[in-house]
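Enquirer: Let me give you the structure first, and then I'll get to my questions.
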């Protein structure tokens, strides 16, 4: 024939064209070429050896092991490109850059190690794509992004692992204006042989969260509360050994929490904030020396002590809670002394004064304000009996019921989920418990081993209902409520660094970031950052 010989037009088996004698050097010796197509077997030269007006190229059993970025820049006129019986370790990002006229891309019956997520970028005319029978277990997210002209996609014959990595594909298929052949799952075992098109994306749980250490605040603390004042988030720590309520704020320059103000409060066990417009109040419940109310009348001023709170009733406070009754703010302070009494203090003029004594002689360790059946309720835990539930009736709290099967409960905390009210009960010895309100009483739902626990605290962070079970002898455990089961499931341990005798937790959100404070009685306060992880990425 002479030169490179007479070549046949081959449109990937779609038709036969007219013989043509190309210019010398425009067709590799291992290929058969025609006027505007080439079929290559064996080990061809790189695509720059082909005619720049080529329309169709088929590469069969070549020695090419990678499709690198810009592999086909020398043949920008291609309309059809086919790969068969090759072995590629990787198809890189922008492997098909420059092929703006490509309509048919068939990558079939190959061994492919991986495909980069931007491998198909720039194929704006592509209508038919086949990745069939390539031994692919997954495809990268966003692989088909920008391929707006697709009408047919064939993914059959690949051993897809139908885990979170295929979730994006399941969500993409019904949204794309193309027919998609997907084939069946090869794994996991529970989904083996299931057709991908029959899988429900809603059944995939591909979002995970993680709490990772962010910052340490020196000095131990018994309590921590978050609050917002003048549009800025704050945190206050009750630090008994340092003898203060320490208020922290966010330093936008250093991107850390820093002290803003401290209130002198020796032997403090609880610092409870209340914001009323421009005014800020802080209740400091103290074991000795009497509990106090501090106030800041307006922004720019410092907090100052304004009132001694019920000195004859609050002899050994152990907890303080804020609640609203008949439109007025009130504090309830649980007193753990035998001679004192748990006291309800409500705002009257410039101060807060005793409204009612509750539960005298029972050495209360904890108070929890909650709403049940549309009415305020109060739950008191004590060292001498089961937790007692009170309801607000006729301007005072009246006993309603107690919590069955709940002996030796140190503290209680509640949360709401799915229209139900749940209760976390902390026990130092034995199992801590989760209960659910059934309309008349709390019923046992779940028990969790909790040797050495002083706190079992529910927290809502972003979309996640969490509960943290602190321990004096082991790592503190984070649980997450699984809506489908209605139960708390283990999520992670907190640490390192490990929490040393944790007593309270508080979430705070600022600058688009979410944090968790952990107040520890025998160690420094630790701050963790909440991260969301997309397992389908």
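Keep in mind that glycine also has a Cβ here, set from the backbone N, Cα and C atoms.
Automated prediction, rather than curation, is the source of TrEMBL annotations.
Per TrEMBL, the feature signal peptide maps to 1-19. Per TrEMBL, domain 'LRRCT' is recorded for 158-207. According to TrEMBL, the feature repeat 'EAR' maps to 210-252, 256-298, 351-394, 396-439, 441-483, 487-532.
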Enquirer: At a C-beta cut-off of under 8 Å, are there same-chain residues at least 6 beyond the repeat 'EAR' (351-394) that contact it? List them, or none.
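Expert: Distal contacts: 283, 293, 306-307, 309-310, 313, 318-325, 330-338, 341-345, 400-404, 406-407, 409-414, 421, 423, 425, 437, 439, 442.
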Enquirer: Can you name the far-off residues of the same chain, 6+ from the ends of the repeat 'EAR' (441-483), with a Cβ under 8 Å from a Cβ of it?
Expert: 209, 211, 389, 401, 403-405, 410-411, 413-415, 417-418, 422-435, 489-495, 498-499, 501-507, 514, 516, 518, 521-522, 530, 532
Enquirer: Sort the residues of the repeat 'EAR' (256-298) into helix, strand and coil with DSSP and give the three counts.
Expert: 0 helix, 32 strand, 11 coil
Enquirer: Express the predicted model's confidence over the repeat 'EAR' (351-394) as a mean pLDDT, rounded to an integer.
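Expert: PLDDT averaged over the stretch: 92.
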Enquirer: Residue counts in helix (H, G, I), strand (E, B) and coil for the repeat 'EAR' (396-439), per DSSP?
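Expert: DSSP classes over the repeat 'EAR' (396-439) add up to 0 helix, 28 strand, 16 coil.
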